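Below is one structure, written out as structure tokens; comments come after it.
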């Protein structure tokens with residue numbers, strides 16, 4: 001890659017390597033002249049001094065002026081050129097379709113308004129939801145305390161490796177759509193198309209599902225009011241959060257995530273007291289439930305089933321990667337946020353689950369007696385401890401969690417739809433971003449799908465959502481698998497093209513080995529899911545059970561081969577030497593970047609050991 005100016009210092013000046021034959025001016029002089037004559041107009045400034053706030057509000061919904069369209073409008077009428085990653089223009093003959101897509105994704109009109117604290121809290125608490133607070137109950141019942149602990153520890157290590165790989169890619173290429181764009185870049189466009197659309201389907205279904213879950217959670221206190229009344233309240237709340245821009249989303253997530261973290265830490269402290277015999281009923285639990293009824297339930301099949309629940313509970317961990325295009329300083333904030341994943345897995349998942357196995361036996365009938373908050377092992381532990389009132393507190397935490405996940409589902413769906421539109425994999429209208437940086441059309445599409453939540457009072461919601469979830473039920477696993485593959489392919493491309501990790505602002509702490517481990521475990525989870533789809537736990541084999549479990553894989557295959565037929569491209573992988581590792585980078589002057597990184601390493605090397613340890617882990 002040739003030396004270029006950094007993105008922040010680059011102006012839209014057509015590149016020419018020729019000296020003017022008539023004037024003898026150098027190309028740089030010509031560039032300055034053309035820049036002064038053809039400077040594209042900037043975004044309209046706020047007219048609060050001369051206009052009303054209402055007119056400013058209305059204007060904010062108008063389309064943002066796109067950098068690429070401006071460049072095309074103000075460049076030479078006879079020049080057939082494109083802007084490259086560093087802000088230069090080259091002949092279109094020199095750019096592949098993937099390079100054009102990569103550049104387009106890096107020039108998103110989304111606003112960089114997410115601060116470091118927003119990313120920190122999103123990373124820590126983004127996946128603390130019904131999977132951990134309720135889903136662990138069913139996993140404990142089917143796998144036993146030993147099975148659930150093994151599943152969450154191994155899955156946690158896999159997620160840690162995956163997030164490290166994602167951080168390396170997202171910091172290097174902070175593009176709209178995050179990791180979804182990188183699948184087409186490093187693996188194959190058909191893989192990117194199929195996995196990204198499955199990801200969209202997952203979160204399209206998740207929004208109404210979480211709204212229904214919120215209305216059902218309210219029924220813990222009151223069953224007289226029609227659930228659709230609560231659906232309306234939560235629907236308006238969640239949709240409003242995203243319509244007011246990414247900054248409000250970040251603030252709301254920061255508050256809700258803080259409450260979730262405080263609640264889980266409080267439960268951990270309470271559980272230690274209960275396990276030690278400090279409950280009002282005076283019962284000392286210790287590890288007796290590991291001996292009676294035992295450490296494992298339903299043998300190897302039971303343990304395998306807990307891996308699926310563990311994968312579901314970790315869904316949403318990758319959301320940090322989607323924020324790269326809207327982070328104020330992705331180079332600094334994203335690595336720090338992704339490092340927090342280790343502590344979240346250790347504290348909020350592993351420690352919580354260990355304490356749950358001390359307090360609730362796997363044969364407790366309430367674990368499988370319902371699918372709502374009453375099946376939460378957290379609530380059961382509090383109730384069995386003889387503590388009144390705290391069950392309502394935990395129910396409130398579950399309510400906060402489902403609202404948070406619902407809001408995040410709108411964010412994830414809308415940003416992924418924008419990236420698909422930028423890649424020409426979705427209708428162009430889906431990529432509409434207004435002057436406030438809001439992807440309005442994508443948000444509207446997501447909110448329209450959220451109207452499915454009004455079936456909450458129909459009595460058929462369980463059957464409807466079971467089939468809707470089956471369409472994209474494996475989406476998170478496919479996404480994590482492709483993140484790891486993309487990381488390995490990126491490192492391979494660096495090696496083949498004579499480059500190394502010295503030019504990366506963040507390098508995965510688990511490296512390529514961690515990505516291989518992530519691939520291995522995700523493949524094993526898919527195999528376990530297939531086995532349980534054919535031979536379900538506790539019932540006979542049947543087609544309905546199989547498709548409820550594995551329909552997502554069938555949908556993925558249809559999307560994949562459909563895209564292959566559409567593009568008539570039957571190449572399985574982009575060759576390593578052909579992978580584009582330059583377009584869309586935030587830092588494009590590699591020599592200056594290497595010097596800066598070396599200086600940072602020297603400064604860190606001179607710090608005390610405790611500081612270096614803190615920097616590594618936090």
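Cβ atoms here come from the backbone N, Cα and C positions, even for glycine.
As written in Swiss-Prot, here are the features:
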- 8-26: compositional bias 'Polar residues' (COMPBIAS)
- 27-40: compositional bias 'Low complexity' (COMPBIAS)
- 45-55: compositional bias 'Polar residues' (COMPBIAS)
- 9: N-linked glycosylation site (CARBOHYD)
- 90: N-linked glycosylation site (CARBOHYD)
- 104: N-linked glycosylation site (CARBOHYD)
- 1-55: region 'Disordered' (REGION)
- 121-143: transmembrane segment (TRANSMEM)
- 148-170: transmembrane segment (TRANSMEM)
- 193-213: transmembrane segment (TRANSMEM)
- 229-249: transmembrane segment (TRANSMEM)
- 254-274: transmembrane segment (TRANSMEM)
- 302-322: transmembrane segment (TRANSMEM)
- 341-361: transmembrane segment (TRANSMEM)
- 397-419: transmembrane segment (TRANSMEM)
- 439-459: transmembrane segment (TRANSMEM)
- 465-485: transmembrane segment (TRANSMEM)
- 517-537: transmembrane segment (TRANSMEM)
- 546-566: transmembrane segment (TRANSMEM)
Contact yes or no, the transmembrane segment (193-213) and the transmembrane segment (229-249), 3+ Cβ pairs under 8 Å, gap 6+: yes
Same-chain residue ranges lying at least 6 outside the transmembrane segment (517-537) that approach it to Cβ under 8 Å: 142, 154-155, 157-159, 161-162, 165, 298, 301-302, 304-305, 307-308, 311, 474, 477, 480-481, 483-485, 488, 510, 545-546, 549-550, 553
Distal contacts, the transmembrane segment (439-459) - CB-CB under 8 A, six or more residues away: 61, 110, 203-205, 207-209, 211-212, 215-216, 226-228, 231, 235, 238-239, 242-243, 409-410, 413-415, 417-418, 421, 429-433, 468
CB contact flag for the transmembrane segment (148-170) and the transmembrane segment (254-274), at least three pairs under 8 A: no
Tertiary contacts of the transmembrane segment (302-322) (same chain, 6+ residues out, Cβ under 8 Å): 119, 122-123, 126-127, 129, 131-132, 135-136, 138-139, 142-144, 146-148, 150-152, 154-156, 159, 162-163, 166-167, 169-170, 177-180, 202, 296, 334, 337-338, 341, 349, 405, 408, 411-412, 415-416, 476-477, 479-480, 483, 524-525, 528-529, 531-532, 537
Positions on the same chain near the transmembrane segment (229-249), where near means CB under 8 A and six or more residues out: 110-111, 113-114, 207, 211-212, 214-215, 218, 326, 403, 406-407, 410-411, 414, 436-438, 443, 447, 450-451, 453-454, 456
